Amino acid sequence: MIPVTELRYFADTQPAYRILKPWWDVFTDYISIVMLMIAVFGGTLQVTQDKMICLPCKWVTKDSCNDSFRGWAAPGPEPTYPNSTILPTPDTGPTGIKYDLDRHQYNYVDAVCYENRLHWFAKYFPYLVLLHTLIFLACSNFWFKFPRTSSKLEHFVSILLKCFDSPWTTRALSETVVEESDPKPAFSKMNGSMDKKSSTVSEDVEATVPMLQRTKSRIEQGIVDRSETGVLDKKEGEQAKALFEKVKKFRTHVEEGDIVYRLYMRQTIIKVIKFILIICYTVYYVHNIKFDVDCTVDIESLTGYRTYRCAHPLATLFKILASFYISLVIFYGLICMYTLWWMLRRSLKKYSFESIREESSYSDIPDVKNDFAFMLHLIDQYDPLYSKRFAVFLSEVSENKLRQLNLNNEWTLDKLRQRLTKNAQDKLELHLFMLSGIPDTVFDLVELEVLKLELIPDVTIPPSIAQLTGLKELWLYHTAAKIEAPALAFLRENLRALHIKFTDIKEIPLWIYSLKTLEELHLTGNLSAENNRYIVIDGLRELKRLKVLRLKSNLSKLPQVVTDVGVHLQKLSINNEGTKLIVLNSLKKMANLTELELIRCDLERIPHSIFSLHNLQEIDLKDNNLKTIEEIISFQHLHRLTCLKLWYNHIAYIPIQIGNLTNLERLYLNRNKIEKIPTQLFYCRKLRYLDLSHNNLTFLPADIGLLQNLQNLAITANRIETLPPELFQCRKLRALHLGNNVLQSLPSRVGELTNLTQIELRGNRLECLPVELGECPLLKRSGLVVEEDLFNTLPPEVKERLWRADKEQA
């Protein structure tokens, strides 16, 4: 006989799956165990006990056995004796019924009558119970075995248990308690449109966060050790981070379908149908389980009798078991019907964390759907605490807190100080690249002046940025930064320069337009779409103190808002990435402009609107499509113009009107196709910087000597063969770039350039260097750019002096 304890194997599932079993599944499993016991008990009795006990019947009335042999004396027809050839003779004394059958004949009669005359329900009752119970068990546990559902269930249970036991769950919730116990008001994060949402502080921590009711500790007494609740070690942090990733991937995968829900529904429907079927036929056939059974079989030739009276020894017990079984099936069926009603009444393919959002500080926990929602509903039937603790790993706020903790552990103050550098403006700069957020230790660098954030998604600027009293410049490269209200208040008063680079319009935080004291704004990104231009550019009207505006994009025309802002702009720079920029007449309104840059705007002529900007001091038309600059004559009206950059164009000649720009100090004409320099150029007596490199020049006019203020001359990459002696009358020359020409010799008068600190000679046809180079007192070896073998043609004392000058500087 099978031990009762072994029957649990048929009903038990994996222990981990127990949390997916609601109370009704637990009840039905135990009912199934009892049904199995009934089946095994009944089957065991049938195997071990006599199935049927039969005796021949000597007194037969109408093919039925008379219950008493005295019936033959009763009035009426005389009984027949079909089962015997021996006629009874009256006996005056007591007598018994004797049969002349041996044991084998009795066994044979028992077997034949059991097989042919006992009702099938009484015969197979234990096996029917076993069959139906196994079907019930299969229906109840099929979803745990079916590959398409078992994989999801196994993965879900594994993640759920890890989330429940994770140290981050307890510590994150403990931080919630601390935050809600803090009397200081909480500031809500501002979104792109700077909507402010007030946040309230709860007084009853335990009531606000019921998730912690089972884990009461020192927090319950108002004592919180921040080192325990706020810091995770590296291993715990990595484990929690991995859990967040697993939950995200699992949610994406499971929410795609509802196969678990549909399979569970079908299992329940099958069990209800099975219940109805069992009740119908069992109640109908249970009365066929009888103790007395008349058996009429045609075996008279073997035993001498045809009619027998048989007893079914197990009938009474089977009837009791059948009644008990029917009651169990009814109870089982009612539970199944309740399950079906529960599934049909409730929307189980949607799960809302509304109550948890209200109870905790994690108001961003999303609702879930399909199989994910259904499994959470089942978990709630087991213990709602599981879903409440699991919700922590669905919250982006919680993930950001964990990310911040891990970030703080990785980026210590010493490590950040090692990353500090000095930029070109001699400002102390920190560049953070591809991090998950801003380490809190950054705000301990009180000496920081420039903060660069690049490729940092979903970063939030906290109020602690107010500690950076020296911060004046902020870079946001592909970083959609949010900001808290106190931080915005600080930046509004202190930030002077802002650089933003984006590929998607969503990467531009709209709170930047509330920076009332902002003086310099750099925007780099695609503004080709009309709506993008409106959203991004239109907010510039709010920046009343803006002085410098740089746009690197692909505009087809100058937006009106730029013109409106231009009333107080001092510098406007547009790098149009090669897209043709038209309709520049609105530039006339920017009367206060001192610097104008129109770079890569595909300009073919110098825009006439520029000539109305009388305050211009610097014009940069780099990398356009300029072929002629006849309009340069109009520059004479720009009396303050000191710098003109016409580099990287296709200019073939310089108009003689260039001489009218008498205030010009810097002129960039490099990377063009100029073949000749007009004498009028040298009327610009104030020129200090002249760049004519990478052109087609073959000589320098002797009038170059008129530029007595010239400090830097670049004629690199031309075809110049000789240098005019007048060049060396420019005694203020500090840098002379002569590389990649066809110079045969360097005049000895080079020694007259007493201010020379750098001379480039590489790439010429020089055979030797003049000794007079040693007469340039400020020239060092590092400032002499020449081939090594050519340098070795100098006398040893000259070389020694140049080397010594380098060492003294070092």
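Backbone N, Cα and C atoms are what each Cβ position is placed from, and that goes for glycine too.
Membrane topology as recorded by Swiss-Prot puts L20 and H119 on two different faces. Looking up N66, N526 in Swiss-Prot shows the N-linked glycosylation site annotation sitting on N66. Here the candidates are S84, S193, S217, S363, and Swiss-Prot annotates S217 as phosphoserine. Residues T85, T149, T215, T229 are shown; Swiss-Prot lists phosphothreonine for one of them, T215. Long-range contacts of the repeat 'LRR 12' (662-684) within its own chain (CB-CB distance under 8 A, at least 6 residues past either end) are made by residues 639-656, 690-698, 700-701, 703-704, 706-707, 709, 714.
Between the disulfide-bonded residues C54, C65, C113, C295, C310, the minimum number of other C-beta atoms within 10 Å of a residue's C-beta occurs at C65. As a whole-number mean, the pLDDT of the topological domain 'Extracellular' (287-316) in this prediction is 79. The helix, strand and coil residue counts that DSSP assigns across the repeat 'LRR 7' (543-565) are 6 helix, 6 strand, 11 coil. Here the transmembrane segment (124-142) has long-range neighbours at 10-11, 13, 25, 28-29, 32, 35-36, 38-43, 45-46, 263, 267, 270-271, 274, 278, 289, 318, 321-322, 325, 329, 332, meaning same-chain residues at least 6 beyond its ends whose C-beta is under 8 angstroms from one of its own. Beyond the repeat 'LRR 3' (447-468), the same-chain residues lying 6 or more positions past its ends with a Cβ under 8 Å from any Cβ of the stretch are 187, 189, 396, 400, 420, 423, 427-438, 440, 474-488, 490-491, 499. Sequence-distant contacts of the repeat 'LRR 13' (686-707), counting only residues of its own chain at least 6 positions beyond either end whose CB sits under 8 Å from a CB of the stretch, comprise 642, 647, 662-677, 679, 713-730, 732, 737.
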